[in-house]
Ligand code: NAD
């Protein structure tokens, strides 16, 4: 079939296998162009390994440290008539490249929140790897089923406390306009914490430790976004921010509970980038477009792979990395500094539908968005008839 992007609101409902392979290769080439990582982990588990920051973490571990990688994701397989999800094709491409490089790679596709998936991962570790020395927790999901009660929880993207009126950019209608977001009630806050908070990260580490597959001195990190004033009402101080605060609680609990094996658990705060998860959050497409413009003008823009390679290279693998007041690793310092934020704040009130293309980098945002699904890569023939099928 000839595959062209089918964008519906903040999601693209199809993906291009050759384009996703180009995207994975671009990231691998970036990592290979950097120096080999010191203090490298040997056996790495990436939970949420198929897209965004998790995929970049897997690529960095494999191609920057020659680590064996075991991945977990939740992706849709293609059929003869329908493409798979981008994460499916990314994983197929990662496997192909890792195979060619002689690097161990296995991926389990299923619900990371379930006990069954955790057991399957543990069986694979016992069979193939023995122990794990780095666990990256990079899930982004709108729902979670509690594995003990079977109860399903849905997260909300709402302010906490007050009604919040701000500008946003509607990516379907291509309009900058005001939106008013009603605050979440307590149930919505609690449910978001249940889905995106630290409970499942703790369950993973507990299960791995009980099975005896965590190495002495092993590390784990979960990813957060903290941001600043412009995004706090919808992110940092909103329902999702409450869930992210719970990650801080979980990291402290993990460090205390597993001190016998000297586990080091960190929450890492990363820069805002275009991913499937961030595109779904109101205000973020506008904020990211303006932030990209400012950071590109200042020559300090970074994408997922630069952020994650930088994290591994400068913080995560160090023995005593610098941490903030909540023991977090910070890769978001450039985005959140007063100079960059001041420049974004100066543009914010001026932006209208008409001047958005000049004031903001929506072209860059949109290009990155399409690339998430394998569209817009040089060297890929988008008029060619390709098979949507791909296997791992
Ligand atoms: P993403 O949507 O690109 O990736 C999500 C991953 O989770 C995919 O691999 C998907 O398959 C997997 N997944 C989702 N539900 C699953 C389930 N039930 N079982 C197994 N796998 C499942 O998201 P992302 O933006 O890379 O986000 C990853 C983490 O990084 C999140 O914690 C997010 O909050 C954080 N983060 C993102 C940004 C950003 O701007 N995108 C910034 C800072 C931090």
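Each Cβ is built from the backbone N, Cα and C atoms, and glycine gets one as well.
A quick note: this is a predicted structure, and the numbers were derived from the prediction, not measured.
Features reported for this protein in TrEMBL:
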ACT_SITE  235  active site, proton donor
BINDING   48-53, 74-75, 111-112, 139-140, 244, 273-275  NAD(+) binding site
BINDING   225  substrate binding site
DOMAIN    2-80  domain 'Trans-2-enoyl-CoA reductase-like NAD(P)H binding'
DOMAIN    82-316  domain 'Trans-2-enoyl-CoA reductase catalytic'
DOMAIN    323-386  domain 'Enoyl reductase FAD binding'
SITE      75  site 'Plays an important role in discriminating NADH against NADPH'
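Positions of the features from TrEMBL, shown on the structure.
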residue	record	CB count, 10 Å
48	NAD(+) binding site	26
50	NAD(+) binding site	26
74	NAD(+) binding site	17
75	site 'Plays an important role in discriminating NADH against NADPH'	22
111	NAD(+) binding site	16
139	NAD(+) binding site	22
225	substrate binding site	22
235	active site, proton donor	26
244	NAD(+) binding site	24
274	NAD(+) binding site	24
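Listed in sequence order, the recorded positions among 235, 244, 274 whose CB lies under 6 angstroms from an atom of ligand 1 come out as none at all.
Long-range neighbours of residue 52 (NAD(+) binding site) (same chain, six or more residues apart, CB within less than 8 Å of its CB): 138, 140, 273, 275, 276, 277, 304, 372.
DSSP assigns residue 244 (NAD(+) binding site) to a helical segment in the three-state reduction. Per DSSP, the secondary structure of the domain 'Trans-2-enoyl-CoA reductase-like NAD(P)H binding' (2-80) breaks down as 31 helix, 15 strand, 33 coil. DSSP assigns the residue listed as 'active site, proton donor' to coil, not to a helix or a strand. In this model, the domain 'Trans-2-enoyl-CoA reductase catalytic' (82-316) carries an average pLDDT of 97.
Each residue contributes its Cα atom, and for residue 50 (NAD(+) binding site) and residue 75 (site 'Plays an important role in discriminating NADH against NADPH') those atoms are 8 Å apart. Among the binding-site residues 48, 111, 139, 274, not one has its Cα within 10 Å of the Cα of the residue listed as 'active site, proton donor'.
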